[in-house]
Amino acid sequence: MAIERTFSIIKPDAVAKNHIGAIYNRFETAGLKIIASKMVHLSQEQAEGFYAEHSERPFFGALVAFMTSGPIMVQTLEGENAVLAHREILGATNPAEAAEGTIRADFAESIDENAAHGSDSVASAEREVAYFFSTEELCPRTR
């Protein structure tokens with residue numbers, strides 16, 4: 001098994017509903033370790049930069065507006081096959097299709113406000129972690 005890092009966002013809808021602790025509990029219960037975490041309120045420029053790959057998609061404006069509508073939690077998670085493990089915990093992008101017991105099934109309202117984001121690959125995780133965290137901010141567990 002490979003120890004990986006992945007990037008995670010708890011989106012404005014879930015932060016506003018005080019689900020941060022419950023979501024962190026899901027990560028830790030699944031064996032993922034939080035090695036960096038902070039709350040940020042994205043500027044339009046930050047949101048547009050983070051989601052630049054979607055800039056030509058019709059939903060881009062609404063996505064940026066949503067992601068700047070309130071604070072978010074960003075975190076780096078570490079564990080065995082962390083990218084896949086985290087995505088399984090999140091559930092399907094559309095909460096109506098998410099398996100029972102997943103974060104999106106339990107905490108999301110709609111496909112547009114779906115509670116959380118997770119990297120889709122190790123390469124994406126590396127890019128996304130670097131967007132929000134310096135190397136010095138990452139604190140691998142030593143015990």
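Each residue, glycine too, has its Cβ placed from N, Cα and C.
The DSSP secondary structure for His117 (active site, pros-phosphohistidine intermediate) is strand. Counting only same-chain residues at least 6 apart in sequence, those with a Cβ under 8 Å from the Cβ of His117 (active site, pros-phosphohistidine intermediate) are Phe7, Ser8, Ile9, Lys11. What Swiss-Prot lists as active site, pros-phosphohistidine intermediate is His117.
Summarising the annotation, Swiss-Prot assigns ATP binding site to Lys11, Phe59, Arg87, Thr93, Arg104, Asn114. Classification of Arg104 (ATP binding site) by DSSP places it within a helix. Taking the Cβ of Arg104 (ATP binding site) as reference, residues of its chain lying under 8 Å away and at least six apart in sequence are, in sequence order, Leu90, Gly91, Ala92, Thr93, Asn94, Pro95, Ala98, Asn114, Ala115, Ala116.
Largest CA to CA distance in the ATP binding set (Lys11, Phe59, Arg87, Thr93, Arg104, Asn114): 22 Å, whole number. Scoring each of the binding-site residues (Lys11, Arg87) by how many neighbouring Cβ atoms lie within 10 Å, the top position goes to Lys11. In the structure shown, the C-beta of Asn114 has more C-beta neighbours within 10 angstroms than that of any other entry among the binding-site residues Thr93, Asn114. The Cβ of Phe59 (ATP binding site) lies under 8 Å from the Cβ of Asp112, each of these being in the same chain and 6 or more residues away along the sequence.
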